[in-house]
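Worksheet for the structure shown next.
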Amino acid sequence: MTDAAPKGSNWTGLRIFNFFSAATQTGYGPFLPVFLTQSGWSQGQVGLALSVGAIASTASQLPGGLLVDQVRQRRFLCAVSLAILGLGALLLAVWPGVVPVFSVLVLHGFATAVLAPAIAAITLNLGGQNAFGEHVGNNARYASLGNALTAAVLGVVAYHLSVRAVFLLAALMTVPAIASLLLVHPEPAAPKAVAPHPAMLHPKHRQGRLWQVFFELHMHTFAVCVTLFTLGNAAMLPLALNHLAAHHDTGEIATATTGCIIALQAVVVLFAPRLGRAAERFGRRPLLMIAFAALPMRALLLTTAPDAIPLIAIELLDGLAAAIMGVMIPLIAADLTQRTGYLNLAIGAFGLAGSLGATFSTAAAGWIADKAGLDWAFLALAMPGLLGLLIILFVLPETRPGTQPIGPAVRVG
């Protein structure tokens, strides 16, 4: 029996929310260091502020997921998180001092760590587990649309008005995002004859305990895979763009940067829902293999095609891999928490794993590029992809419900 379809307004509201919440977060992206520099900050101060934001985001992954698991009012959590982002953008625009900027970036890290699992929880409650992959793909589609279109609009605003106006507009975008939640009424989708995912139940009705989610054997296996993916992926495009900046004119650099962003977002918009459906039909492992195989392929291509147009074409592989991982993380988290129900804590754990991998990626790749050259740095970034591919082939089982068992929980003591 399939999951019951909820009212169409629920999905409309969720799509609008994904679009505008991503749009709001775009304002905190590349415009922030530019604005702080224009406000008199030194490069060291800007770097420290961005590091504080990154540390806050990494440290918030587990607490954010746990909060979503414990609070049933997920729409309220989304509204509060968006309000924090909006008020933070407004504060940055009017008072770019040290204390407010650092405070805003810490709160931004926690708010974004709550938003991702909260959206996943609402999606699961609306559509049930049977179609979770497709719905997660739709979330990614509208978030990518929000990122891409807003980046273009904010770029025009920054050019014709000021970078300060970017943050005012980002704050304004939280209004339709929060209003769209009024359209979402996440009643459980599964009929009584179908056992719901434990994450859809009230915490006191779940059989598992929150710490038991970390005793699931393949939670650790997939967390290693996520770490390896970001370890190989995070530094690849920045390295390529830095090389381009050193050997080409400004126009070609701008073309490459814009083209790469558009290519990545376009692939997510076009294929994310299809990838979700494919994961439900064919399983998780085939798609994961494609995502990890894309890493060494990109690395090898980047050693031979350093110009702008080839770089944009190569970034299509990045878009495909990013779309797959964006769908797979909440999907596999749902698969691996069927015993415990702590879906959002698992999503937070995978988010933490990805953040750690990305942090080491940029540091290690930069060091290798300085010591041994760019080609060796790209080849080094290919290694985590190959190792992850081997883990998926020989260690990680298929986790899709209805296939072979995912294995027992790890026993401790």
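Keep in mind that glycine also has a Cβ here, set from the backbone N, Cα and C atoms.
Keep in mind that TrEMBL annotations are predicted by a computer and have not been checked by a curator.
What TrEMBL records for this protein:
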- 1-400: domain 'Major facilitator superfamily (MFS) profile' (DOMAIN)
- 76-95: transmembrane segment (TRANSMEM)
- 101-127: transmembrane segment (TRANSMEM)
- 139-159: transmembrane segment (TRANSMEM)
- 165-184: transmembrane segment (TRANSMEM)
- 219-241: transmembrane segment (TRANSMEM)
- 253-275: transmembrane segment (TRANSMEM)
- 287-305: transmembrane segment (TRANSMEM)
- 311-333: transmembrane segment (TRANSMEM)
- 345-368: transmembrane segment (TRANSMEM)
- 374-396: transmembrane segment (TRANSMEM)
Feature contact check the transmembrane segment (374-396) with the transmembrane segment (253-275), CB under 8 Å, 3 or more pairs: no
In contact by Cβ distance (the transmembrane segment (76-95), the transmembrane segment (287-305); 3 or more pairs under 8 Å): no
Stretch of maximal Cβ-Cβ contact with the transmembrane segment (374-396) [cut-off: under 8 Å; candidates 101-127, 139-159, 165-184, 219-241]: 219-241
Of 76-95, 139-159, 219-241, 345-368, whichever stretch has the most CB pairs under 8 A to the transmembrane segment (311-333): 219-241
Arithmetic mean of per-residue pLDDT over the domain 'Major facilitator superfamily (MFS) profile' (1-400): 89
Dominant neighbour of the transmembrane segment (345-368) in 101-127, 139-159, 165-184, 219-241, by Cβ pairs under 8 Å: 219-241
Surrounding residues of the transmembrane segment (101-127) on its own chain - C-beta under 8 Å, 6+ positions past either end: 3, 5-6, 10-11, 14, 17-18, 21, 25, 28, 36, 49-50, 52-61, 63-65, 67-69, 74-75, 77-78, 80-82, 84-85, 88-89, 91-92, 135-136, 139, 184, 186-189, 197, 199-200, 330, 333-334, 343-344, 347-348, 351
For the transmembrane segment (139-159), sequence-distant contacts whose Cβ falls under 8 Å of one of its Cβ atoms, 6 or more beyond its ends: 14-16, 18-23, 25-27, 29, 31, 34, 119-120, 123, 165-166, 169-170, 173, 261-262, 265-266, 268-269, 272-273, 323, 326-327
